[in-house]
């Protein structure tokens, strides 16, 4: 299913905040069409890595390539325009806006009618454009099963639904690569199953490559094609889910060891 | 009781209030998009009015052309101001940005005095009919036209924020810049746009008041009048700004009526809005339409 050419590759990415090393020399690539998960203990640098990809942080060293293009120096909005969508670990919906408006913001870079054409709504195609967009937005809404709340104010929705609206907003961008930062955090079993189904559908039917951070090992093992493990800002393993789980360093990172602390520098991944 | 006077003052209050509303909206626009409290808002009126006056008297342009050029000039003015002065201040403490806008206000105040002098100068006559009578009340033509323009601008703002791509982007940016960026919104562009629109819209009010009262540095006083309007309505509410403006306009004129009929204190109309402001804030600390910050824990 996943072909070999990478859609995203990170080459020797390091990120420092003053003396704190959030990431040290991390390299990996995500292949077109796969579900790639990043796991690791708390504070391992997973979100930092995703932020480097989305452009919120700029790596101190290293390069990030997307679709063959060096995007290391591009701002987050330019990256979104190229086709990188994301959701956030802590919900980041526009609480006072309706669900529909939240999703329409995701269409921003796809909406072409600017100020003047917008003023002449019925001429110049602005209306036609809006109708086309609304059709696509409705499709996304149907897919994520949030029809019943689409006029509701986003901030008033229960948690599970807000997570879905946030996903819908990222999908509305029509990204080639979607970054999901803990899409299932704080969900109950049923909600997790729904979310896993949405992610698989996005991947298989909508053709999006997924880069996901998730703590729920069951989900990660079930839906990921490949997994990368970070610990203290370093990559300690990468491979198929089973391989990674069997990896001794991974077991140590997750379960701890009795003897002296592990020095990550000695680890060859 | 002089009923005609009361009606006349009420009408004046509505018209002037609409103008306050327009200026308040452009103030709120900047605050909403970029969280900057712009103390130079009054100077936007001043600069706009002087520039228009200059086009009309020095260049002898017909009004519509001069007015159009003024709008173009103010767009560039707002853009340049944002890019040169405010963009470098992004991420600095709020108080630094506020000080910068106060500085801008003083600078343009002085610059305009230097270029155009300290005396009020009248606009050349624009409308052939100075006054029209509406239901027995005398109204200056300019004011009637300005009321029309104000309503048009308000409708435009309403449309802009609810239905346009940029308005939506602006609301998104106001809410969370990081998230807006992750959705492809260019935050610097949104900021620049908000300053440009704000400058243009304020200058419209500046020109209208200039036509009625002549152009002088007194125009920038509107920037201060706008504060009660904006705080009354809630700092981040466009509708609140409009209503706040109208309320301030009405209060001024009613205070003037009460003053001239019974009290004879002389300057009630200037301070009445501020009394009302204090009282309303005691009851509704976020203003009439401001958003409370409610957090789920």
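Each residue's number is its place along the chain shown, starting with 1.
Quick reminder: no glycine exception, Cβ is built from N, Cα and C everywhere.
As recorded in TrEMBL, the features of this protein are as follows:
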- B:9-30: transmembrane segment (TRANSMEM)
- B:36-56: transmembrane segment (TRANSMEM)
- B:63-85: transmembrane segment (TRANSMEM)
- B:97-120: transmembrane segment (TRANSMEM)
- B:141-161: transmembrane segment (TRANSMEM)
- B:192-215: transmembrane segment (TRANSMEM)
- B:227-251: transmembrane segment (TRANSMEM)
- B:271-289: transmembrane segment (TRANSMEM)
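Stretch with the largest number of CB pairs closer than 8 A to the transmembrane segment (B:227-251), among B:9-30, B:36-56, B:97-120, B:141-161, B:271-289: B:9-30. The list of residues near the transmembrane segment (B:63-85) in space but at least 6 beyond its ends in sequence, with Cβ under 8 angstroms from a Cβ of it, reads 44, 47-48, 51-52, 55-56, 100, 104, 126, 191-192, 194-200, 202-204, 207. It is B:192-215 that, among the stretches B:9-30, B:97-120, B:141-161, B:192-215, B:271-289, forms the most Cβ pairs under 8 Å with the transmembrane segment (B:36-56). Sequence-remote contacts of a segment are chain residues at least 6 beyond its ends whose Cβ falls under 8 Å from one of its Cβ atoms, and for the transmembrane segment (B:141-161) they are 12, 14-16, 18-19, 21-22, 25, 29, 126-127, 129-132, 134, 167-168, 170-171, 201, 204-205, 208, 211-212, 238, 242.
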